[in-house]
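S.K.: The following feature annotations were taken from Swiss-Prot:
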- Arg9, Phe10, Ala11, Pro12, Ser13, Glu45, Tyr172, Arg190: L-glutamate binding site (BINDING)
- Cys101, Cys103, Tyr115, Cys119: Zn(2+) binding site (BINDING)
- Lys231: ATP binding site (BINDING)
- 12-22: motif ''HIGH' region' (MOTIF)
- 228-232: motif ''KMSKS' region' (MOTIF)
Amino acid sequence: MTDSHYIGRFAPSPSGELHFGSLIAALGSYLQARAQRGIWRVRIEDIDPPREVPGAAATILRQLEHYGLHWDGEVLWQSQRHEAYREALAWLHEQGLSYYCTCPRSRIQRLGGIYDGHCRTLCHGPENAAVRIKQQHPVMHFHDALRGDIQADPQLASEDFIIHRRDGLFAYNLAVVVDDHFQGVTEIVRGADLIEPTVRQLSLYKQFGWRAPGYVHLPLALNEQGAKLSKQNHAPALATGDPRPVLVQALRFLGQRDVVAWQEMSVEELLRFAVTHWRLTAVPTSANVNPAFSNASR
């Protein structure tokens, strides 16, 4: 039972198993929700089949359960939400808030990577075209509950970004906003690598006339080369053995109170301790390099 209107979520993509960096995002969002006696949901962001690894989604859910991170309600699968995305696209089109773009990627690269609105007034049809938002509400800054006021790159914030890809796939920024609104998410706790797209997502909330959630961007776990731990750079999967030492590592990474007697606790007791003593203000804002992160699963 909860007595709070707080709703948080963890939304991994099934491009591989969870690693230590994933655990930081999952644990941070879980603790922030549970400390406020709120709801914590899980969503599988499986809208990009070329990047998905067969069986990864089921493994991710097993990993969360193994680490004691039990979610509320049913898992939401983006692959089952296409109709909702189509309805959102149709509404934007009807309101004159989107347009078709046939510009090749090479042209945008020549512009320095920021689209210049070339197709905005050309009235292209849908054939072999992407759909771009007609930016009406650029967001130049936003408040992060951990980091304070974050300023956006003005060019990035003002860009007419893609919401439906030329290959027929729904863009991440559209899907995440539609789903967070649908699930009633009140605060999004995720990694700092997602700070940049936040202003685009906030502008979509304004386009739709929806209330936006709050944001917390956690520090990233880096490998010994200074790169973010990720599935793309082959970060090792989380341990399938005793999850407690890895949870303790993750809590230390998040700047939380040390669990001195964790060996005497069950996973459930360890997490209850972490919820009771959770302090968002103790979380560092800088990324952290530690060789142990690369070995957290070994």
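Quick reminder: no glycine exception, Cβ is built from N, Cα and C everywhere.
Quick one: where do these features end up spatially?
M.R.: Within the same chain, residues at least 6 positions away in sequence whose Cβ sits under 8 Å from that of Tyr172 (L-glutamate binding site) are Glu45, Ile47, Asp48, Pro197.
In the three-state DSSP classification, Cys103 (Zn(2+) binding site) falls within coil. Cys103 (Zn(2+) binding site) is surrounded by 19 other CB atoms, counting those within 10 A of its CB over all protein chains shown.
Taken together, the residues of the motif ''HIGH' region' (12-22) have an average pLDDT of 95.
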S.K.: Can you check what DSSP calls Tyr172 (L-glutamate binding site), collapsed to helix, strand or coil?
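M.R.: Once the DSSP labels are grouped into three classes, Tyr172 (L-glutamate binding site) ends up as helix.
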S.K.: Give me the CA-CA distance between Tyr115 (Zn(2+) binding site) and Pro12 (L-glutamate binding site), in Å, as a whole number.
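M.R.: Rounded to the nearest whole number, the Cα-Cα distance is 28 Å.
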S.K.: Once near-sequence residues are set aside, which residues in the chain of Arg9 (L-glutamate binding site), 6 or more away, have Cβ atoms under 8 Å from its Cβ?
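M.R.: Within the chain, Arg9 (L-glutamate binding site) has Cβ neighbours under 8 Å at Ser29, Trp40, Arg41, Val42, Arg43, Asp180, Gln183, Val185, Ile188.
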S.K.: Determine how many residues of the motif ''HIGH' region' (12-22) DSSP places in helix, in strand and in coil.
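M.R.: Grouping H, G, I as helix and E, B as strand yields 3 helix, 1 strand, 7 coil.
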